[in-house]
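**Q** The structure under discussion is supplied below as structure tokens; questions concerning it will follow.
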Amino acid sequence: MKVLAILYDGFKAAQQEPRLLGTVENKLGLAEWLKSRGHEYIVSSSKEGPDSDFQKHIQDAEVLITTPFHPGYLTRDLVQKAKNLKLCITAGVGSDHIDLNAAVDHKIQVLEVSGSNVTSVAEHVVMSILLLVRNFVPAHEMIERGDWQVSDIARQAFDLEGKVVGTIGAGRIGYRVLQRLVPFNTKELLYYDYAPLPEEAARAIKARRVEDLEEFVSQCDVVTLNAPLHEGTRGLINDKLLAKFKPGAWLVNTARGAICDRDAVARALQSGQLSGYAGDVWNVQPAPKDHVWRTMKNPLGGGNGMVPHHSGSTLDAQARYADGTKKILENYLDGKAQEAQNVIVGLGKYETKAYGRR
Ligand code: NAI
């Protein structure tokens with residue numbers, strides 16, 4: 001059997017740090033094990049264009065392993081060329097880089113390691129909210145420049161206490177974000193999700209559901225995005241919706257870049273409609289050098305908390321998603337049932353309710 005993995009290059013860091021498991025060098029820790037079972041294991045970062053390893057090897061691979069951090073985009077066109085493909089495993093969470101509808105049509109199963117990095121992301125979200133609200137990035141840049149002008153920072157620095165924070169998507173990550181914010185004594189914690197939280201879970205953190213999206217964003221000082229990317233969320237945050245946000249709100253997106261309209265977000269930040277935008281996900285990854293989100297600023301020169309896609313790729317998370325990938329492969333090879341929570345697309349149908357209402 002041929003297993004193809006598209007991972008990111010770790011270069012020197014991966015040679016020095018073997019716990020960087022999700023790299024081309026360390027191969028999710030699967031190389032010896034797959035070899036001992038007699039399987040061919042191709043690992044590469046080359047993923048764009050017809051001459052890439054991804055597009056060449058996908059034509060006869062039976063299993064494809066990808067990560068959302070350096071996504072191998074499995075389009076419908078490639079699905080049609082992938083004659084032997086039976087299983088796609090996302091080493092991590094979020095399988096939108098796979099054309100899931102095409103996978104359904106071609107009876108290719110898509111699994112992810114659910115839960116493997118949700119705490120990692122929730123912590124990153126809380127950090128991003130704080131760094132925006134407290135105007136951290138320009139303050140640090142000022143220090144590196146050798147300057148010291150407290151008023152330039154303080155004029156846009158606030159407490160999180162007393163603010164309204166809301167999540168779009170209240171699944172594993174969204175709920176954990178709200179849970180972690182309870183001790184900050186926010187004015188309210190809100191959520192928008194077509195799946196209501198179990199009553200007890202909502203009560204435990206005093207989260208209130210708002211069913212209308214425009215009404216929801218108009219009430220939030222901080223909005224955090226924690227829903228998967230699918231037909232119902234692509235471009236959800238656009239000019240029209242941003243106009244309904246509270247003027248000067250902060251937006252954190254660690255879900256997927258394409259949930260936001262790239263230029264609408266830049267315009268909203270540049271006009272001050274948003275005070276800040278932070279996150280680690282981009283509409284194309286790696287993000288081009290001139291991507292507007294790298295350098296966009298609010299009218300006072302701050303409000304940008306963007307980083308590369310790494311919030312779900314801490315060393316702790318890598319251990320969990322490497323382990324989970326091996327378990328999924330093992331089940332597949334041994335003909336055992338997969339854990340239900342990991343199955344996004346089963347044989348010919350969606351098994352999850354999280355990728356849109358169908
Ligand atoms: P989950 O499946 O536990 O929760 C997703 C929630 O979003 C569900 O409650 C679902 O009903 C809701 N949802 C779906 N469509 C919606 C819509 N149109 N409006 C409102 N809510 C909607 O997923 P989990 O584990 O919380 O992850 C969420 C997403 O976060 C992933 O799909 C992935 O895209 C992203 N992620 C990012 C990582 C990073 O490193 N930045 C790492 C892990 C996940």
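Cβ coordinates come from backbone N, Cα and C, glycine included.
Annotated domain 'D-isomer specific 2-hydroxyacid dehydrogenase catalytic' per TrEMBL: 36-337, in sequence order. Sequence annotations record features per position, and here TrEMBL assigns substrate binding site to VAL93, ASN117. Under the heading domain 'D-isomer specific 2-hydroxyacid dehydrogenase NAD-binding', TrEMBL lists 127-298. According to TrEMBL, the feature NAD(+) binding site maps to ARG172, ILE173, ASP193, PRO228, LEU229, HIS230, GLU231, GLY232, THR254, ASP280, HIS309, HIS310, SER311, GLY312. Per TrEMBL, the feature site 'Important for catalytic activity' maps to ARG256, HIS309.
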**Q** Measure the Cβ-based neighbour count of HIS309 (NAD(+) binding site), defined as the other Cβ atoms within 10 Å of its Cβ.
**A** 23
**Q** Just checking: which of the recorded positions ARG172, GLU231, THR254, ARG256 have a C-beta under 6 Å from ligand 1?
**A** ARG172, THR254, ARG256
**Q** I need the least crowded one of these binding-site residues (ASP193, GLU231), counting other C-beta atoms within 10 angstroms of each C-beta.
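**A** Fewest other Cβ atoms within 10 Å, among the binding-site residues ASP193, GLU231, is found for GLU231.
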**Q** What is the Cβ neighbour count of THR254 (NAD(+) binding site) at a 10 Å cut-off, with all protein chains included?
**A** 23
**Q** How big is the NAD(+) site in terms of the longest C-alpha to C-alpha distance among ARG172, ILE173, ASP193, PRO228, LEU229, HIS230, GLU231, GLY232, THR254, ASP280, HIS309, HIS310, SER311, GLY312, in angstrom?
**A** 25
**Q** At a 10 Å cut-off from the C-beta of ARG172 (NAD(+) binding site), count the other C-beta atoms across all protein chains.
**A** 19
**Q** Among ASP193, LEU229, GLU231, ARG256, SER311, these being the recorded positions, pick the one whose CA is nearest to that of ASN117 (substrate binding site).
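**A** Nearest candidate: SER311.
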**Q** For the domain 'D-isomer specific 2-hydroxyacid dehydrogenase catalytic' (36-337), report the average pLDDT of the model, please.
**A** 98
**Q** How many neighbouring Cβ atoms, not counting its own, are there within 10 Å of the Cβ of VAL93 (substrate binding site)?
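**A** That number is 25.
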**Q** Can you give me the Cα-Cα distance between LEU229 (NAD(+) binding site) and ARG256 (site 'Important for catalytic activity') in Å, rounded to a whole number?
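**A** Each residue's Cα considered, LEU229 (NAD(+) binding site) and ARG256 (site 'Important for catalytic activity') end up 6 Å apart.
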**Q** Measuring CB to CB from SER311 (NAD(+) binding site), give everything in the same chain under 8 Å that is also at least six residues away in sequence.
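**A** In sequence order, ASN117, SER120, VAL121, GLU123, HIS124, VAL125, THR254, ASP280 meet the Cβ cut-off.
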